[in-house]
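First up is the structure itself, then whatever we jot down about it.
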Amino acid sequence: GWRVAVDCVRANELCAGEPSCSSRYRTLRQCLAGRDRNTMLANKECQAALEVLQESPLYHCRCKRGMKKELQCLQIYWSIHLGLAEGEEFYEASPYEPVTSRLSDIFRLASIFSGMDPAATSKSNQCLDAAKACNLNDNCKRLRSAYISTCNRELSAAEPCSRRKCHKALRQFFDRVPSEFSFRLLFCSCKDPACAERRRQTIVPSCSYEDKDKGNCLDVRGACRADHLCRSRLADFHTNCQATFQSLTGCPGDNFQACLGSYVGLIGFDITPNYVDASTSSITISPWCSCKGSGNMEEECEKFLRDFTENPCLRNAIQAFGNGTDINIAPKNPNPAVTALPKAEKSPILLDDVNDSNTAYDTSAISTCSSLQEQGLKPNSSKEQSLCYSEAQLTTDAMPDQKTFMDPKAGSSRHWESRILLLIPILI
């Protein structure tokens, strides 16, 4: 009668309140402490405990991503399921509740938030639009500024940033910002390399992704599985993005939303995946690892890596999001009431005029400003000053009623735009 899935924290409470369940749970945990599954299954007491627990709420419990006691919930889940896994399975079942929402729900919300129909924005730069939409939302903007500054903060000449703090800030961003905003930043569609480079830079890869050398993918996977949270996110990714030929889209249950959500769940761990280059023709995603030196595990390693690099479900899901399409999506022309609604929220003209395709990339600009500001120094050259000025401006609130940023000393707002262009790809 326990078939309704409850979260594992609640299931643990229910079990603790029931003497037969709590004693069997204790027994099972002792059985699992030895970790040899065959010995455990040969033991009558362990078998009995397992049989009783399979009828208990603990066996069927799941966790919700971002729930208040997520880590505690996952620890309880694995305390039972690790013992039930057939040794080290290649794919593990996800401890998270299944995702029932669809991408179309996100498109609807995104168009309400930004005042535009995602299909109609294909003419503009979607990655820039995504950044502007994020800047108009306090929560998105605050958490995005937080991870950008954390991931760009240089510790010393040898250590460009604190990877641990950068990962934590990224996890907070993706856990706390609604997917209507975060998915648009990560999965925007690009027609030119400057846009694709901005997309690749979304997670500040120099800190969160790249490393001096690439480790072996199986070591990266092993380290991930040693951590309950990372292990859960990886299992979730395999559950929701494992390419299947039984469906139209290559995704389990044709659910693009579930695959993209579980992909996002991996960002902010050592297994963090990202775009490998700024190509617009083919999207290639990979964790920062290779299969060199896998020895007799080469085949397993390649299989693990291909789940990222050659995964039709993941690629189709990203492309569907970029195109603003979903399986069985509603009619093409959206409800006019929806598109007409938020016209009031115009972002400053300055930002609307900027186009990535003619932007020079100057990644040094952002670090110059932040390091100068941290040391409390004034920028010396006028170029540095204008960049830092524009950085401060861009990270202040984008006010709907303010049309252009004017500096009294600058002749025209145009003069600033040309300078701000340098910064925009990294900042916004």
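Every residue, even glycine, has its Cβ placed from backbone N, Cα and C.
Note that the coordinates shown come from a computational prediction; the quantities given were computed from them, not determined experimentally.
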Cysteine of CYS301, CYS313 paired with CYS291 via disulfide, per TrEMBL: CYS301
Disulfide-linked residue for CYS217, taking TrEMBL as the record, within CYS151, CYS161, CYS289: CYS289
Disulphide bridge to CYS190 as given by TrEMBL, partner from CYS188, CYS195: CYS195
Residues that sit under 8 angstroms from CYS207 (disulfide bond) by C-beta distance, when 6+ apart in the chain: CYS151, ASN152, PRO160, CYS161, ARG163, CYS166
Sparsest-packed of the listed disulfide-bonded residues (CYS251, CYS291) - C-beta count within 10 angstroms: CYS291
CYS289 (disulfide bond): tally of other CB atoms within 10 A of its CB: 22
C-beta crowding around CYS259 (disulfide bond), within 10 angstroms: 32
Inter-residue C-alpha distance, CYS289 (disulfide bond) and CYS301 (disulfide bond) (nearest angstrom): 10
Among CYS15, CYS251, ASN323, which are recorded as recorded positions, the nearest neighbour of CYS241 (disulfide bond) by Cα: CYS251
